[in-house]
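Pulled from TrEMBL:
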- 30-54: transmembrane segment (TRANSMEM)
- 66-91: transmembrane segment (TRANSMEM)
- 111-131: transmembrane segment (TRANSMEM)
- 143-168: transmembrane segment (TRANSMEM)
- 394-497: domain 'Fungal lipase-type' (DOMAIN)
Amino acid sequence: VLKNCSYNRVPAMPGMVLFGRRWAIGSDDFVFPGAFELFIRLIWWIGILVLYSIHKGQFNCAGGGLLHSYLLVLLVLLAAIICALSSILYISMQGTISNPGPRKSLPKLLYLRLALYLPELVWAVVGAIWVSDSRVNCERTMISAIFGTVIASWAIIIFTVVAVVIVFDPLGGKKTFYIAHCPNRNLESSQSGQLFYNVKKTATRVWEKRIRLLFCCIVQDDDHRVAFTSIAELFGSYFSDTDLVPSDVAAGLTLLHQEQDKVENCPKEPEEVLTQSPLSPVVNDLDEELENAAHYMKFAAAAYGWPYYVMANPFTALCKLKSDCCRRTPAETDIIGDDCFSMHFGSILKITGLQYRDFIHISFHNKVSSVGRKKIYQDILTDLSADCENLTLEDVLENGLVHKGITQAANYIYRRLINDGILNQAFTIAPEYKLVVVGHSLGGGTASILAIMLKNAFPNLKCYAFSPPGGLLSKSLADYSKQFIVSVIVGKDVVPR
């Protein structure tokens, strides 16, 4: 029996609990929005006060009595809202990220602020009725001012509703229920088991809806649906025992950036950076290794096709590609996938400096489980399939863990290379050549895992991975791969670091 369930929430930065449920916003997240609304309300209040002072005693027109009452009530209502906002702003500024205690009274102030929305809504309706009444015959300046206040009131109300929808956590009720009742629950009981199952099922369903909405622009076939479900299960399990809000993630990235700056201020010699692992072979010529990396980067960049080539050569790319678009590729070249007007293949030739005869197999095939020509939605889905799976290497390593989505892409290419005999064909034509695997970003991660898969069959293989994603390999696999994989990372690139 577990009596203390504090592990289910991060005490440093918990989400706000209002109306008996958790929300995706922290108690320290009201400083900037609160200051912005406070500024607007102060300007608004001062403007209404000046308007009222200037036209005081001039409310004897038709409908003037209603105008006089409207302005007075609006001044009082705005003053109350300003006081509430000032209190929320002050309390939200107290404490620190890791010490939310001084902000414990904030929910009560939020209840008060939300209560003030009801009279504001009523008064906005009254103002809308008043300015639309044709019987009102007062000075045009006053009518325009009232019209402006009505528009401002409705704008703020609509903005608040949108903000509430954004910070609403569909899982907040489940989490709050679980945390509130957890101290008296036996985690091995059937009731607790059913509760865990329901929470997990709900979390997966919510995350799947979010992911489908995020990728609403792509055709959602069976491959995509499987990927959506896999990613949703991962996210559901990953965030099931955390109490984080979006600002926590932003704060974490900021702290990580500062920590990275500290590490950068401790310079190392290039040789030390390159050969810091005792398992890595000593590199006698660093310049030669860097030259090799620069050479192979052209091949990794070429995978992006004509968009990259046009970006690199904005004034001449289209003219250069036009001269090649109608040329026929050799019949023995195996091309898979769509390459309209041979734009991608032409760009690859230009970037790498190779000839048509140098290519044996070309694939522009692109799926969630494969990597061909880059397509951003598929790449994101592959990256987000970030669960781990085992990669067993016979006679080398038993319990290696790899990134699931990227491994699926590497498996697809491995099957094409081995089962379809592409590598055998290549080495039959050029047996003196060595095998080098290259890739950038997601392609760099795929190249790394593919190189590990191919290492036994091709002992002299080498891989150049440019900015491969972090969290790619477990430590045992990472140590094993240092002997034949060179990773190149630019500056503070957050993806690999």
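A Cβ is built for glycine as well, from the same backbone N, Cα and C atoms used for every other residue.
Source: prediction; values computed, not measured.
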Per-state residue totals over the domain 'Fungal lipase-type' (394-497) - DSSP helix, strand, coil: 44 helix, 22 strand, 38 coil
Per-region confidence, the domain 'Fungal lipase-type' (394-497) (mean pLDDT, whole number): 85
Residues from the same chain, set at least six apart from the ends of the transmembrane segment (111-131), whose C-beta lies under 8 A from its own: 18, 63, 66-67, 70, 73-74, 77, 80-81, 84-85, 88, 143, 146-147, 149-150, 153-154, 156-157, 160
